[in-house]
Amino acid sequence: MEKENNNSSRRNFLRLGALGGIALAGTAIAKAVTDESPKTTGKKVKVLTADGKLIEVDSSLVDHHASNDKFSKEEVRQGIEGKKFIRVIDLAKCANERKCVEGCQKAHNYLAPVEYIKVKKMQNSALESPYWFPTMCYHCDNPPCTKVCPVDATFKRSDGIVAMDYDRCIGCKFCMAACPYSARTFNFGRPEQIKFTEEHGKDTSDPNHCATPYAQEGTVAKCDFCTDRSAKGLLPACVVECPNGAILHGDELEDVVTNGEDTFRLKKLLQDRGAYRQFEELGTKPRVYYLPPVARNFPFEDATEAHNTKE
Amino acid sequence: MEKYKYFIATCIMILFSIATSYAQDKEAKIALTFEKADSLFVCKALVTSEGKPVIEVPVNLSVKRLFSNLAIGDAVSTDSTGVASFEVPQDIPSHNGKLTIFAKIVDDENYKNTETSAEVNWGTIVVSDNANVGERSIAAGRSGAPIYFIISSLLVIGLFWGILIYAVLQVVKIKRLGSLDKI
Amino acid sequence: MSKEKNIAESTKYETFTQEEYMVMKDDLLRPIEKTGKWGKIWIAFLTVIFLAGVIAYYLQESLGKSVTTGLSDYTMWGVYISNFLFLVALSLSSVFMSAVLKLTHFEWYRPLSRIADVISLSSITMAGICIMISMGRPDRLYFLIIHGRIQSPIVWDIIVVATYFAACVLVLFIALIPSLSTCKNHLTNLPKWQLKMYEILSFGWKGTAEQWKILKKTVNILTVLVIPLGIALRTVSAWLFSTTLRPEWDSTNFGAYFVSGSALLTVAVMIIAVYAFRKIYDLKKYLTNMHFDKMGQAMVLFGFVYAYFNINEYLVPAYKMSSLHANHLLNLFVGEDALFYWLVVLFGIAVPCILPMFKKLRKPFTLTLIAVAVLIAGWFKFYLIVIPGLSHPLLPIQDVPPSWAHYTPSTIEMTIVAATIAGIMLLVTVFSKYFPIISVWEVAEGKLEGKEEIINYK
């Protein structure tokens, strides 16, 4: 098994080499190749290949994209052209392993008990079986939060993402009151978090690292669909980390969602699996769909311990 | 006992994978051709190895998307002429109508993994409908407030502040009357 | 010297003799001339609480809200916001205990109107401060101006608070002009700056017929203005809640519900203030038992209006008991907050509706006791609107630290809240030490009994 993986990543490396002239895959080979290349920047970036494998290549190989640079304020507000990010969550596959939660915390360099993505135990009635319900910012198309923001610090972008401008937020927390999904968190200035941000705030070592930092003290933070990763065609941390492939991320305009392993036509998936959106009746038009927990891969197992209880 | 079994199984697996990887020594090439037949979009993948067509080798066809490749149907084995033909759905969206189609041979017993890609103009052009983004609405930014909203707010604010300013002016008038009286 | 001269000048008015006027004036100006020992202790006490609040705020900002407050991601609006709602409620005193009575010719408003106006001004000042205290980034306050979105209820709130503040200042100080002229002319043994202040603020008042005409017209306009403005203020602060999708707040009734609650609280706060001024400044001649009788009746009226809105707010959703409401309502009716809720209903709604119906209980002391209960219950009522509303969101709260699921205000938060309340009392007390707390000319005007004459006193 090991061997095959190595093989395929070497092939990937060869293909990239053919396309771009230079490629690096795996640290040993990478070193050998960089010597031949005068143009490389020496800065490594991690990219996900077409077949879902993570490799490290020189940053000069990656197409130049605005998201690679520091976004100018206006660009952040515009969104990525020709994209409409969307998400489908397969409730039959969630087993409350909380890898998405931890992956997100690592990718954005923030600490528990703050969670951008949460997993809740839901049960509609006593006769029905309970199920695990991952929830995060739904990036609504009719977002109640952006309506109430007094200073335009949270806004809807053309690519469907509801983004935050931490430099603008005044911390009135009205968006948190307005969000019916309790998706937003506030940086109350927990000393551990402040210390962590000072030490690791600029840490990009996580393979799923997302350039959007954690909010400044006194401002509101939330899931941002890993904006810069999505722009580059890299799957967000929670999608990559989910061991069961329960979270499918994609572009509505391409009509495709993927968990990195399986790729589905979006509309067909929604139609075949009877997808729904949480609290459709509120008219918020979320961009996150749920596939009901039917035909589960495994029976529901209740959590044996309370999670995230540390203050 | 359990551990022992596990160890044996692992050894066998390693041996098997070494064996299979040595077996995959032949290189194959895939050439993609696209044709429209009876209003169907057909993509043909010709697999050759050392100049000869390869038969009975499964080929996977997929189309490139932002995050991953979308498989087009199941794998199709090449026929006696070394060709695997696929029907490409006609409703695959694309920005400019172009689709990047990938053909792959993966985990075959005799051939090394290989892959080729080609562009074809078979995509359904989708336009990102951003009409609502620039629209004036309650949810829009500072500059995107609806005109009626701005006008009515300014009217109400103006009315109240107008009266307040009027009141201040009246105080000024009282003061002026007071000083006139002195003279 | 000037006193005698004035008496000579104004004796020509038959309807309201200068002698009577002078007696009244002396009564009203006495508190300004000297402050007793207890008065000083009282002011010092309030100042200490207020300064404690300032220190608490400094600690909150320097240590971080995580350590100093009980707020969390679910209950991110704590006692600051519920206190803000309470203070805004009090700031409608000017509307319900002055403007409305004035326009509907309830003559007993005359000695009350200035007390109501000064409570309004103090409360709206503290309410404005409360907004800033609850902000995560007070250093970015000016963003509201440079980046403000007119679509946001917060911006409406800021605008209406600022406008109402300005209106309160004008209502209070324009009506003060003739009184300050009296102060300037009759108070001599005061510090120089104070006399200078009276001189400036009386705006060259001579009491000429034309000045009277302008003054009365302006006061009338502002009186009319303050009613829609006050109601807008209260309604917008209700909209901060009812523009959200949370079921417990998502009510078309909310604005009117808040206005009605505000009416009841202003009566209660006025009863307490009138009782205090009457007792301490010995103003029994002006703030009579009749006022308590009337205010007691007003309390019953507003109490029933408030009860009506409460029935609409709580019992109608409870009848349906949709799953969206059940969580929150059952918590209040029979759950964790039940005792708290029913005490608030008892003291905040039942007591003001029923007890002042008995004439015996509309006596100053008993009515003041009732008012204190109503006011305290009123404060907790807003707590019960804000905090349980936040801690019962649509999606259940799970996997959070225990302190996130249950909000308890910290000592620092309570100190700041106490400081805002002390701040109001301090502002009212200090005001009454520098300005006559009863509008001399308005009371005098009342004694004309409808006659069109202008009393030219100085």
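Here the Cβ of each residue, glycine as well, is placed from N, Cα and C on the backbone.
Now, the feature entries from TrEMBL:
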TRANSMEM  C:41-59  transmembrane segment
TRANSMEM  C:79-103  transmembrane segment
TRANSMEM  C:115-134  transmembrane segment
TRANSMEM  C:154-177  transmembrane segment
TRANSMEM  C:221-242  transmembrane segment
TRANSMEM  C:254-277  transmembrane segment
TRANSMEM  C:298-319  transmembrane segment
TRANSMEM  C:339-358  transmembrane segment
TRANSMEM  C:365-390  transmembrane segment
TRANSMEM  C:410-431  transmembrane segment
Among the ranges C:154-177, C:365-390, C:410-431, the one whose Cβ pairs under 8 Å to the transmembrane segment (C:221-242) are most numerous: C:154-177
Same-chain residues at least 6 beyond the ends of the transmembrane segment (C:79-103) whose Cβ lies under 8 Å from its Cβ atoms: 109, 112-113, 115-117, 119-121, 123-124, 126-127, 130-131, 133-134, 161, 164, 168, 171, 223-224, 226-227, 230-231, 233-234, 237, 258-259, 261-263, 265-267, 269-270, 302, 378-379, 382-383, 385-387, 409, 413-414, 416-417, 420, 424
Per Cβ pairs under 8 Å, the stretch of C:115-134, C:298-319, C:339-358, C:410-431 packing most closely against the transmembrane segment (C:41-59): C:410-431
Spatial neighbours of the transmembrane segment (C:410-431) far in sequence, C-beta under 8 Å, 6+ residues away: 39, 42-43, 46-47, 49-54, 56-57, 59-60, 68-70, 78-80, 83, 87, 90, 118-119, 121-123, 125-126, 129-130, 133, 273, 437
Highest-contact recorded stretch vs the transmembrane segment (C:298-319), from C:115-134, C:154-177, C:254-277, C:365-390, CB pairs under 8 Å: C:254-277
Same-chain residue ranges lying at least 6 outside the transmembrane segment (C:254-277) that approach it to Cβ under 8 Å: 85-86, 88-90, 92-93, 95-97, 112, 115-116, 119, 231, 234-235, 237-239, 241-242, 283, 287, 291-292, 295-296, 298-299, 302-303, 305-306, 308-310, 312-313, 348, 352, 364-365, 367-368, 370-372, 374-375, 378, 381, 428, 432, 437
Non-local residues, at least 6 beyond the ends, that sit with Cβ under 8 Å of the transmembrane segment (C:365-390): 74-79, 81-83, 85-86, 89, 241, 246, 248-249, 261, 264-265, 267-269, 271-272, 275, 292, 295-296, 299, 328, 331-332, 337, 340-341, 343-344, 346-349, 351-352, 355-356, 407
